[in-house]
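These features come from TrEMBL:
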DOMAIN    104-260  domain 'Sodium/calcium exchanger membrane region'
DOMAIN    294-436  domain 'Sodium/calcium exchanger membrane region'
TRANSMEM  104-123  transmembrane segment
TRANSMEM  135-157  transmembrane segment
TRANSMEM  169-192  transmembrane segment
TRANSMEM  204-227  transmembrane segment
TRANSMEM  239-258  transmembrane segment
TRANSMEM  295-313  transmembrane segment
TRANSMEM  320-338  transmembrane segment
TRANSMEM  358-383  transmembrane segment
TRANSMEM  395-413  transmembrane segment
TRANSMEM  419-440  transmembrane segment
């Protein structure tokens, strides 16, 4: 009511201002009419500067409104979250890289600098989703939610660090399916401990099927390699990987078409839930910046993440030596946690609000996109670049992914969740993290940049 009264008050001031303006104009017209009898040329000269003054005032007001809008949007983007205090870590990492060779500090500062940028990237995508509708908005969230991992993978692929690409994408799937979903189930179960939370079982089963299809695509090249049953040694495995990648991309395209045209879309619960919110929640979920502002900040965040990703990738090997941490642990555990920071927070928040369909759309939907689009896309890009990126993720990594997808599929089959399911997923992730901490990658020597 206060806002309505304030708005009405502002409107009355505008109306009074317009009436006063009309009165002034009428008086000016009368004066001009009287002066025409005395000196017609002088009156015309007096009228001309008055019009230019009005035009100048209008231009000044429009410029002030534009600058106020820009400053307001900058304040919202840069100072609305305490996490943005980590943004200066990015320039600091660049400074340390210029002045010293401490790869551990460069890696650590780049990692911290990417965290708020990944969150702002997800936030800008959500703002843009307000103007595109729930289905396209959900697909945008899933796409740009994985932009950080894909950018890091492109830089690593360009430097010939194939294992880092494979392990970081694998870690993104493990992080989303076990860590993010586990935290969402656990937090939602604690917040609603008196009941089992429900979600759409059909969509969950569909995404589980896509994840299993991705596991099948990764399993066959690994089995072909370790059983030494290739028709052409060293070539059949790569050819099978590229063919399977194209098939997986076609399958993911068909999945997107189904989601955009089906009434039972994965992202439609978002619109249904928003319609049931109270007025205060609707005001809270209103867009904070304009459509073009969302696009501009989305571009800025993506470019800044791309810059920091180059420093991050260049410092991985040095940081591994400096901190005595295996490259596999950095690639599978640390990098995906940073890339999934925004999705992690969003999935937990929606689970606490008893909106598990949205949490599943964030966690499982993101995993599906990495498995069915991100990994095949990197294989195809490597094919174009002349880099032998394949789907042979080695036996240890493939077995880890296979068991994790099976665990998640069993957790989702009944369409209910509670805090105990979330706790089991989190404990499974701890086992995976510990396994990669003591794992020696047999192909680690291939992570070194190739000299041209």
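For all residues, glycine too, the Cβ spot is worked out from N, Cα and C.
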Item to check | Whether the transmembrane segment (419-440) meets the transmembrane segment (204-227): three or more C-beta pairs under 8 angstroms | outcome: no
Next on the checklist: Which sequence-distant residues neighbour the transmembrane segment (295-313)? Criterion: at least 6 residues beyond either end, Cβ under 8 Å.
Outcome noted: 73, 77, 90, 93-94, 97, 106-107, 110-111, 113-114, 117-118, 120-121, 124-125, 127-128, 144, 147-148, 151-152, 155-156, 159, 161, 164, 289, 335
Item to check | Contact call for the transmembrane segment (104-123) and the transmembrane segment (239-258): at least 3 Cβ pairs under 8 Å, seq gap 6+ | outcome: no
Next on the checklist: Counting by DSSP secondary structure, give me helix, strand and coil numbers for the domain 'Sodium/calcium exchanger membrane region' (294-436).
Outcome noted: 120 helix, 2 strand, 21 coil
Checklist entry - Residues sitting near the transmembrane segment (204-227): Cβ under 8 Å, six or more positions beyond its termini, same chain? => result 173, 177, 236-237, 240-241, 244-245, 247-248, 251-252, 255, 266, 360, 364-365, 367-368, 371-372, 375-376, 390-395, 398, 401-402, 405, 408-409, 412-413, 415
